[in-house]
Amino acid sequence: MSHSSLHPSIPWPRGHKAKVAAFVLLIVCLAALWKLGEPSDHLLQWLVLHLASLHLRLLFKRVCCLAEELCHIHPRYQGNYSRAVRACLGCPIRYGAVLLLSCYFYVSLPNTVDLPLTWMLAHLGLSEALNILLGLQSLTPAEISTICEQRNFNVAHGLAWSYYIGYLQLILPGLRARIHTYNQLHSNTLQGVGSHRLYILFPLDCGVLDDLSAADPNIRFLHELPRQSADRAGIKGRVYTNSVYELLEKGKPVGTCVLEYATPLQTLFAMSQDGRAGFSQEDRLEQAKLFCRTLEDILADAPESQKNCRLIVYQEPTEESDFSLSQEILKHLRQEEREEVTMGTAGTFVAPGSSTLHQEPELLISGMDQPLPLRTDIF
């Protein structure tokens, strides 16, 4: 499966298919050269010279980058020149080894092309200078995305961690106690499988409304949970609150839950609307998906938080679709109910005999897909 369990459009991290393709390309090229009957010494010389030229071109490029970094040596590297050199040139041992090996083969093997070393170096420098000036070797969007994902440079990564540490990690541990207090005050309004969880809505288009009833009139605000306060970043008694909503179906209440949007999606939407952020709608969609995936990974490593919340990820509907947000939420609630019933099938089925009618009623747990009725006269 190449996507997250939250939603089919959320991708998993990239794998190693590029290396697999490179290995296949290596085998194909070696087979082609072997079939052409290329002499091994001639093949080795050209291969070494080509590898050396690639590394030399890369070295020229990084030296040009070093010229820029030296202008920022104090604010970026605290005046440490060796850090600046390592940041631009990478490992000097690797370059030294490649250059020494290349010089050895250049001297020891016959020079069939009859070109002096100085001429070759000058042409390499010329070609790399043109590449830099014309921008011919810029990274593709896929390469940039891969680097950002691997090194956690994405906007989504910071937003997900900020959302978890600054909000979810604070409210989720005490959520059940607050729901219990709420039920005591409101005649057990929150009941059922989803009564002890926070349901977080993730519209992938980042369309977050301040009023859920405006998104769907079948979602009706009921009450606020008891508030939670904490001293946070110099703010004494900072208040955190959550809202209880009632879900309607055909005009009748069919469920209640603690519900809200993921607020960082508002930040992504605002960035895409502000030209100063340089954030396109495509960037917004990509970062929204990565935000969901990153938060899913964070919660997977925090079981106490994970069991107290559920993420509801969905695509905003088109004009032709009959999408209903309330039905999407109800689908998740009912799915959890079915999962609870399925988990209960591991229990033992107890069938009361004729002599047990005077005893206290016992819970009947079915081994079927649907729960059995509690009446026994129909068996």
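All positions are counted from 1 along the displayed chain.
Cβ from N, Cα, C; glycine included.
CYS88 (S-palmitoyl cysteine) carries a helical DSSP state (H, G or I). Sequence-distant contacts (6 or more apart, same chain, Cβ under 8 Å) of CYS88 (S-palmitoyl cysteine) comprise ARG62, VAL63, CYS65, LEU66, GLU69. Look at Swiss-Prot and you will find CYS88 (among others) tagged as S-palmitoyl cysteine.
Residues or ranges marked as S-palmitoyl cysteine by Swiss-Prot: CYS91 (among others).
The phosphoserine annotation in Swiss-Prot covers SER355 (among others).
Among the features that Swiss-Prot reports, phosphothreonine is placed at THR356, with the record citing similarity to another entry.
Sequence annotations record features per position, and here Swiss-Prot assigns phosphoserine to SER366 (among others).
For 153-340, the entry in Swiss-Prot reads region 'Cyclic dinucleotide-binding domain (CBD)'. In the predicted model, residues of the region 'Cyclic dinucleotide-binding domain (CBD)' (153-340) average a pLDDT of 90.
Feature annotation from Swiss-Prot assigns transmembrane segment to 20-40 (among others); the stated evidence is sequence analysis.
The transmembrane segment annotation in Swiss-Prot covers 87-107 (among others) and is backed by sequence analysis.
Annotation source Swiss-Prot lists transmembrane segment at 115-135 (among others), citing sequence analysis.
Take the CB of CYS91 (S-palmitoyl cysteine) and look out to 10 A: across all protein chains shown you find 9 other CB atoms.
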